């Protein structure tokens, strides 16, 4: 919930004004709610009225909901959406890495695309990662670096408190920029694809709802505080990646820390995406695909895909907004509410049905508008 995409939130506030602050809170509340109803779909009551966990994954829930239409349709939709979101996340890490390298070493005569290639080369060892144990060690370092970065940025912003002004917030906002900001904010909260596994591995799953409440509460406080202090410091000068606003004596140090974080963050979504692909292939008993050479080929193809996409769409906020509007909204709002209505319809009260329906409609409208606005923004860039 506190990933590198937090760095795009001040820029999102620039284009969403006061409504952006409301959206940061609303998104946290809605994501927390859909996380709870998604986990509720894993359980069914037995004859004694006790809740029993009968499903293990997001894919299992989807397949159950679609079994009368086409048994594996739901799983296919979920898996494709998950892979797209994970690959887009990898692309964003590569975009950030290239951006940070170019800003850290402006005196080296290389284009930003050349820096993408350099970052890509440092990520080549990812194709040899075979277990989550290796990824977890990298993620621990990543978390440490993240909090150092946030601390440095926040500390600098607080030294500039004398120039803060609420007048920097826009009263009028552009329609297109607003919905791109919505996508950025949604994407910064997405975690639903990990929740079934997380809940299943908790020592006391009964505490899951409480855990979800507290984590989303603190995530909301941290995101809002960070985005607000950074925006009040730079106002209209706020850039897509907020660290680009820092003075030169801090920028190089923080950018190198961010580069380290981005590169250390890349293996987790990369590993998760390839594992989903393997599980889909192996479920069909294609034994010929189990060779190490095939696995290496899949990982290499995914890695190369992220480089090509980063090269063609090197715009952090637009790419984040598009990803949040497409996969983020689908996995976070649309599917959990739809599945909950499908599986629990007879047991839901009127207000719960209204809540699920409202979340679905809101998620659909925001997703549609965000997709249109993000694509229009990208077309303007290429035009």
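Keep in mind that glycine also has a Cβ here, set from the backbone N, Cα and C atoms.
Pulled from TrEMBL:
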{"type": "DOMAIN", "residues": "2-375", "note": "domain 'Amino acid transporter transmembrane'"}
{"type": "TRANSMEM", "residues": "20-43", "note": "transmembrane segment"}
{"type": "TRANSMEM", "residues": "76-95", "note": "transmembrane segment"}
{"type": "TRANSMEM", "residues": "115-132", "note": "transmembrane segment"}
{"type": "TRANSMEM", "residues": "144-166", "note": "transmembrane segment"}
{"type": "TRANSMEM", "residues": "178-198", "note": "transmembrane segment"}
{"type": "TRANSMEM", "residues": "210-233", "note": "transmembrane segment"}
{"type": "TRANSMEM", "residues": "253-281", "note": "transmembrane segment"}
{"type": "TRANSMEM", "residues": "293-313", "note": "transmembrane segment"}
{"type": "TRANSMEM", "residues": "319-339", "note": "transmembrane segment"}
{"type": "TRANSMEM", "residues": "359-379", "note": "transmembrane segment"}
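Annotation: stretch 253-281 has the most Cβ pairs under 8 Å to the transmembrane segment (76-95), among 20-43, 115-132, 178-198, 210-233, 253-281. Spatially, the transmembrane segment (144-166) is not adjacent to the transmembrane segment (20-43); fewer than three Cβ-Cβ distances between them are under 8 Å for residues at least 6 apart in sequence. Of the recorded ranges 115-132, 178-198, 210-233, 253-281, the transmembrane segment (20-43) has the largest number of C-beta contacts under 8 angstroms with 178-198. Ranked by the number of CB pairs under 8 Å to the transmembrane segment (293-313), the listed stretches 115-132, 178-198, 210-233 are led by 115-132. Counting Cβ pairs under 8 Å that are 6 or more residues apart, the transmembrane segment (253-281) and the transmembrane segment (178-198) reach fewer than 3 and are not in contact.
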